[in-house]
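K.L.:
Before we start, here is the structure in question, set down as structure tokens.
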Amino acid sequence: MTLSFHYNRNDTKIMDIIVISGPTASGKTKKAVEFCKEKNGEIISCDSRQIYKYLDTGTNKEGVFLQNGLRRIDGVLQHLTDILNPDQNYSAAKFVKDADLKISEILKKGKVPVVTGGTGLYIKALLYGLDEMPKADKTLRKELKTKSQDELYSVLLKSDPEAAEKNKKNPQRLLRALEVNILSGRTMQEHFKSKSPRYNFGHYSISVDNKILYKKTNERCKYMIESGMIEETQKVLNMGFDKNCSALSGIGYRHIIQYLEKKISKEDLILEFSKDTRHYAKRQNTWFKAQPDVDFMFY
């Protein structure tokens, strides 16, 4: 796959940032590293899982960790990984704040910021901004936390079906979407409505044929299990982090916890992990295709 960015550092309409997006297992980081080497860039990770410390195998982190959220991949610096403990929460608004700071730092060095990842809402928030969302309400949260995950899903399904379906297996996001809906009377998507761009950017998204994508995700899931993801999960639990913490709610980790609790076999673990990863990758593919101002690269 050949990738041409049509990017010229001497262009009078110089871009502030480059964005490389796409579904999981599509080769985003590889392309970002190639571009950074050619155009003197640094990567800003846009991945809601790679922000967590101690979880490397299951989030497919690459390169060598240096310090303070900084990694080096084949000589290229990557920012905004390993910045939170597994029990800390993160949001699109927080990502925008952190990414804005890194973009400014990279531009001051005369380099190109290359935002790379598959967390679509973070990318959209960075490029177009967020509509004002209500802050967390302690009283409401206390009430919502008494409900089961299925109950949260059922209630949200009536008022914001898109957010309910998208986050049905993530209790933290279900709770937040319901909280936002109750406090504002609006859906999550309405809060992510398009605005004027915040940056002069070039957005390139890798689109992969579903058959190829399914094969790649299946191979990746099997490789992660064989490479120590089960042991990685157990290590985090042994450190005292709760099995329901933010980081362990992600695909793969929650399946491994079921396996460790002897609720499913290792064979079922791999099957369920692979299936949910395939579905997630397909949703990512669909989401990026629906976004404005994107140039696509096809497998």
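Every residue, even glycine, has its Cβ placed from backbone N, Cα and C.
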K.L.:
Quick test of your reading of Swiss-Prot: among 47-50, 59-62, 147-150, 283-286, where does it put region 'Interaction with substrate tRNA'?
P.N.:
47-50
K.L.:
Please find, within the list 72-76, 82-86, 172-176, 227-231, the residue stretch that Swiss-Prot describes as region 'Interaction with substrate tRNA'.
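P.N.:
Checking Swiss-Prot against the ranges 72-76, 82-86, 172-176, 227-231, the region 'Interaction with substrate tRNA' one is 172-176.
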K.L.:
I'd like to know the mean pLDDT over the region 'Interaction with substrate tRNA' (47-50).
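P.N.:
Summing pLDDT over the region 'Interaction with substrate tRNA' (47-50) and dividing by its length gives 96.
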K.L.:
List the helix, strand and coil residue totals of the region 'Interaction with substrate tRNA' (47-50) as derived from DSSP.
P.N.:
0 helix, 0 strand, 4 coil
K.L.:
Can you list the residues of the same chain, besides Thr24, Ala25, Ser26, Gly27, Lys28, Thr29, whose Cβ falls within 8 Å of the substrate site's Cβ centroid?
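P.N.:
For the substrate site, the extra neighbours are Gly22, Pro23, Lys30, Gly118, Ile206.
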